[in-house]
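Copied straight from Swiss-Prot:
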TOPO_DOM  1-4  topological domain 'Cytoplasmic'
TRANSMEM  5-25  transmembrane segment
TOPO_DOM  26-41  topological domain 'Periplasmic'
TRANSMEM  42-62  transmembrane segment
TRANSMEM  65-85  transmembrane segment
TOPO_DOM  86-92  topological domain 'Periplasmic'
TRANSMEM  93-113  transmembrane segment
TOPO_DOM  114-131  topological domain 'Cytoplasmic'
TRANSMEM  132-152  transmembrane segment
TOPO_DOM  153-157  topological domain 'Periplasmic'
TRANSMEM  158-178  transmembrane segment
TOPO_DOM  179-209  topological domain 'Cytoplasmic'
TRANSMEM  210-230  transmembrane segment
TOPO_DOM  231-242  topological domain 'Periplasmic'
TRANSMEM  243-263  transmembrane segment
TOPO_DOM  264-277  topological domain 'Cytoplasmic'
TRANSMEM  278-298  transmembrane segment
TRANSMEM  299-319  transmembrane segment
TOPO_DOM  320-333  topological domain 'Cytoplasmic'
TRANSMEM  334-354  transmembrane segment
TOPO_DOM  355-360  topological domain 'Periplasmic'
TRANSMEM  361-381  transmembrane segment
TOPO_DOM  382-396  topological domain 'Cytoplasmic'
Amino acid sequence: MFRYLLCCFGLVLMYPTGIDMYLVGLPQIANQLGATEAQLHIAFSVYLAGMATTMLFAGSLADRIGRKPITLFSALLFALASYFAARSQSSDLFLVARFVQGVGAGCCYVVAFAILRDALDDKRRAKVLSMVNGVTCIIPVIAPVIGHLIMLRFPWPSLFYTMAVMGLLVFGLCLFVLRETYSKASFHSQTLPRVQTESFKQGFFISRVVITTLGVTTILSYVNVSPMLIMGQMGFDRGQYSNTMAMTALVSMLASFSTPFLLNQFKEKSLILFSQTLFAAAALVFILTQLGWLGQLFNLLGFGLVCSGFAIGFGVTMSQALSPFVARAGVASSLLGIAQVCTSALYIWVMGLLEVSAINILLAILAVGALISITLMLAVPKLSEMVANEQIPESA
């Protein structure tokens, strides 16, 4: 099992690394390419667009030709796109490279979840996805620090050369360590008849898509508005802001790595409901601070509750969402990724157009998301009869 965990960790980490590592070099990139920082901030959206437009394609292909070929192609594509981003001489070429980089990262992200679905049973998968989430949570803190250290001695292209090396390392892992978890023979003889029964229209899958999507939208909204809340509203300087984000990342990591142990004591449903209760509690804290009933420093408690809620609930809910699928696990993973990326981007964009304040952007998704998610968890039970029919490869 270790080989699958190692490869999937590498595949998943390319997605957040591609977002966070280059930000520290944005002023230098803008200066050299003759663009403004505001113009290059679109590189974030372009990267996500690359992910979203290819996720479904990657999942469908992974269900047809296998997981390993897609991981090799995607990791190599990420490495090549990173190299060409480093060599860009204009902002247009840079944005094209960022789009392709997003394509590679998105494919890797989708196939990693499909591999874990193939290789692990329901209980182990929930624990592993929580651990994957814990490692992912520290990337937004570690990646900019690594980027800063690199730029102390090297120019901004070195950031993308580093990402290219990372892509090549993951390519090597997948080539020499990863074993194919998807059997064509098994597919045609056993799982092909199940395609008709593995419907994406079933209420259980849709409910888990909604819950995970609301969770991702919540955490990305928090990351997006955190500078305005922490530095603008609370009056922290940049150093204090960095320390605050580092502490919340630590909270996320601790909560994520605690989840596997909690799963030994509590049911998955209980943990998901608890995570949504933490979101609701965070909304209450923010309301009380805005009314003046609590001091502004209590916002830090709210931030911790947001991060803990996401860390505890996301991996478990993702595992439940994938559990009904054997023959179509790749496409299921794709649909989850597309819903999460597109909904998050749309929510933040619409709230920006409506000029909603930073605190209200976060409050709205916390309150509404918790209410909807708790309702769905209570109304739509887990499809245990489908999970009981899973066939896990012996190699796991």
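Placement of Cβ uses the backbone N, Cα and C atoms for every residue, glycine included.
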Averaged across the topological domain 'Cytoplasmic' (264-277), what pLDDT does the model get? Just tell me the whole number, please.
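Computed over the topological domain 'Cytoplasmic' (264-277), the mean pLDDT is 94 on the 0 to 100 scale.
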Of the residues in the topological domain 'Periplasmic' (153-157), how many are helix, strand and coil by DSSP?
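Helix, strand, coil within the topological domain 'Periplasmic' (153-157): 1 helix, 0 strand, 4 coil.
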Is it true that the transmembrane segment (158-178) and the transmembrane segment (5-25) have 3 or more Cβ pairs under 8 Å, skipping pairs fewer than 6 apart in sequence?
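Since 3 or more Cβ pairs under 8 Å link them, the transmembrane segment (158-178) and the transmembrane segment (5-25) do come into contact.
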DSSP helix, strand and coil counts for the topological domain 'Cytoplasmic' (114-131)?
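Grouping H, G, I as helix and E, B as strand yields 16 helix, 0 strand, 2 coil.
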Going by DSSP, how much of the topological domain 'Cytoplasmic' (320-333) is helix, how much is strand and how much is coil, in residues?
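Split by secondary structure, the topological domain 'Cytoplasmic' (320-333) comes out as 8 helix, 0 strand, 6 coil.
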In terms of Cβ proximity under 8 Å, which residues at least six beyond the ends of the topological domain 'Cytoplasmic' (264-277) contact it?
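Answer is 126, 211, 215, 308-310, 312-314, 316-317, 319-320, 369-370, 373-374, 377-378, 382.
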How about the transmembrane segment (132-152) with the transmembrane segment (299-319) - do they touch, taking at least 3 C-beta pairs under 8 Å (6 or more apart in sequence) as contact?
yes
In the topological domain 'Cytoplasmic' (1-4), how many residues does DSSP put in helix, strand and coil?
3 helix, 0 strand, 1 coil
Do the transmembrane segment (210-230) and the transmembrane segment (5-25) share at least 3 Cβ pairs under 8 Å, sequence separation 6 or more?
no
Six or more residues beyond either end and a Cβ under 8 Å away: which residues meet both conditions relative to the transmembrane segment (299-319)?
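Residues 113, 122, 125-134, 137, 208, 211-212, 215-216, 218-219, 222, 226, 229-230, 233-234, 244, 247-249, 251-253, 255-256, 258-259, 262-263, 268, 271-272, 274-279, 281-282, 285-286, 289, 336, 362, 366.
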